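A short worksheet on the structure shown next.
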Amino acid sequence: MQAKDSDPPDGGYGWVVVVSAFMVMGLTAAVLKTFGLFFVEIQHHFDELASTTSWITSITIAIFHLGAPVASSLCVRYTHRAVVITGGLLASSGMALGFLGLNMVWMYATTGFLQGLGISLSWTPAISIVSHYFSKKRALANAIASAGECVFAFTFGPFFQWLISQYGWRGALLIIGGIQLNICVCGVLMRPLASSCLLEASRSETETPPGKSAARINKEDKSPITHKTFNWMLVRRTEFVLYAIFGILAAMSFFVPPLFLVPLSHSLGINESWTASLLSILAMVDFAGRLLCGWYANLHVTKTVHLLTMTITLISTSLMLLPLANNYLSLAIFTGFYGFFFGTTVAIHITVLADVVGMPDFDSALGLFMLIRSTGGFVGPPLASLIVDMAGDYRAGFYMAGATLVLSAGFLVTLDQLQQRKERGRQSNTEPEKSTLPYPSLHFLKLQ
């Protein structure tokens, strides 16, 4: 085994992993995004209230976020490949079993719980392993992988609608469940990277010192990777806490615009066909924003946390301006700005997380971040709806989202200041070592 295998390849087979993650994003997050097409069909079939039926999607989203620490812990204990394959089997089973449509509780358990757990066990390690395979090109790789959600969401809408019209909602669920088995294929392609810990283990086994048996070596000098556990102590690190608070506030805002965009357009008297095109515009510019921001971040011209702060500020500005729209053209323009900057944010926020905690703790950090961030996703829409009800205007929801994002940017600025202060402290600690040699000639000798 070569030692160079322990370093992120930043290319090569890593691009196969990126394509696999791209597919996983589409077969998980994009399916979740477009599941609303089944809402009316299921509601009519069981003759239930809209609130009762909506629990299917709510359970899926809740389990998706709550299962993130479980997925990260399993990645630490086993491999990303094994967890993705398991997630693919669960997601496919949950969707396919929904075909039976026995009752609403059955739908909660299958297309709700099983599907949500499968998405969590697939999505989390797929994003994580991309960051392990890339270092210098990590932002670009994450952007390409996350773009799978946009591409698949754009195509799944009409495709799922066609499946429902041809095979009914139950037949469509069965077919989609079969399609989701491709997550397992993607998981097989996610080959684990060799680590320095494994290299040390293999070296200790081949170079057994005299007087020590191989069994004793395996017992005493076991590789540290076998003892690696989920790091819950990240919640004690100030940098991670600041970034997690940013995640909560950002999630409170990100779920609001898609919720009120269509009602706002209706209140402006815009035709339904034109309103539907707004969602397509949102998907297309989101895709472009992810790729362009990933490419720019890969140039390393701007520090990633600075770039994220800038994109968050631009999103909040676009949300503040969006309510000023009074016709389709102006609404489409402001929607395009919001979608583009949203895509740029999604492209790099995982990269910033890796920079904040470091790769040794990244798997644990991703799971905890997803879990903590979910609270913002749960609180944001109800809070915005309450504000809209009080104001009697859908524009109030966009103002609330924009203001919350401005607040979240403040935590990014605080995080950056803390990191800079620590960096200056490390540099000042190394300066006394340089000044211990009194004569310039001795400095030259030390360099020799």
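The backbone N, Cα and C atoms fix where each Cβ goes, glycine too.
All annotation found in TrEMBL is predicted automatically rather than curated by experts.
The following features are taken from TrEMBL:
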TRANSMEM  12-35  transmembrane segment
DOMAIN    14-420  domain 'Major facilitator superfamily (MFS) profile'
TRANSMEM  55-76  transmembrane segment
TRANSMEM  83-106  transmembrane segment
TRANSMEM  112-134  transmembrane segment
TRANSMEM  141-163  transmembrane segment
TRANSMEM  169-190  transmembrane segment
TRANSMEM  240-262  transmembrane segment
TRANSMEM  274-293  transmembrane segment
TRANSMEM  305-325  transmembrane segment
TRANSMEM  331-353  transmembrane segment
TRANSMEM  365-384  transmembrane segment
TRANSMEM  396-415  transmembrane segment
For the transmembrane segment (112-134), distant same-chain residues with Cβ under 8 A (at least six beyond the ends):
8-10, 13-14, 17-18, 20-21, 24-25, 27-29, 31-32, 55-68, 70-72, 74-75, 80, 83-84, 86-95, 97-98, 140-142, 145-146, 180, 183, 186-187, 190, 193, 350-351, 354, 359, 362-363, 366-367, 370
Same-chain residues at least 6 beyond the ends of the transmembrane segment (240-262) whose Cβ lies under 8 Å from its Cβ atoms:
234, 275, 278-279, 282, 312, 315-316, 319, 322, 335, 338, 342, 345, 349, 352-353, 356-357, 365, 368-369, 372-377, 379-381, 383-385, 388, 394, 397-398, 400-402, 404-405, 407-409, 411-412, 414-415, 418
Contact ranking winner - 83-106, 331-353, 365-384 against the transmembrane segment (141-163), Cβ under 8 Å:
331-353
Where among 55-76, 83-106, 169-190, 274-293, 365-384 do we find the most Cβ pairs under 8 Å to the transmembrane segment (396-415)?
365-384
I need to check the long-range neighbours of the transmembrane segment (83-106): which residues 6 or more away from its ends have a CB within less than 8 Å of a CB in the stretch?
24, 27-28, 31, 42, 45-46, 48, 52-53, 71, 74-75, 112-126, 170-171, 173-174, 176-178, 180-184, 186-188, 190
Top partner of the transmembrane segment (55-76) among 12-35, 169-190, 274-293 - counted as Cβ pairs under 8 Å:
12-35
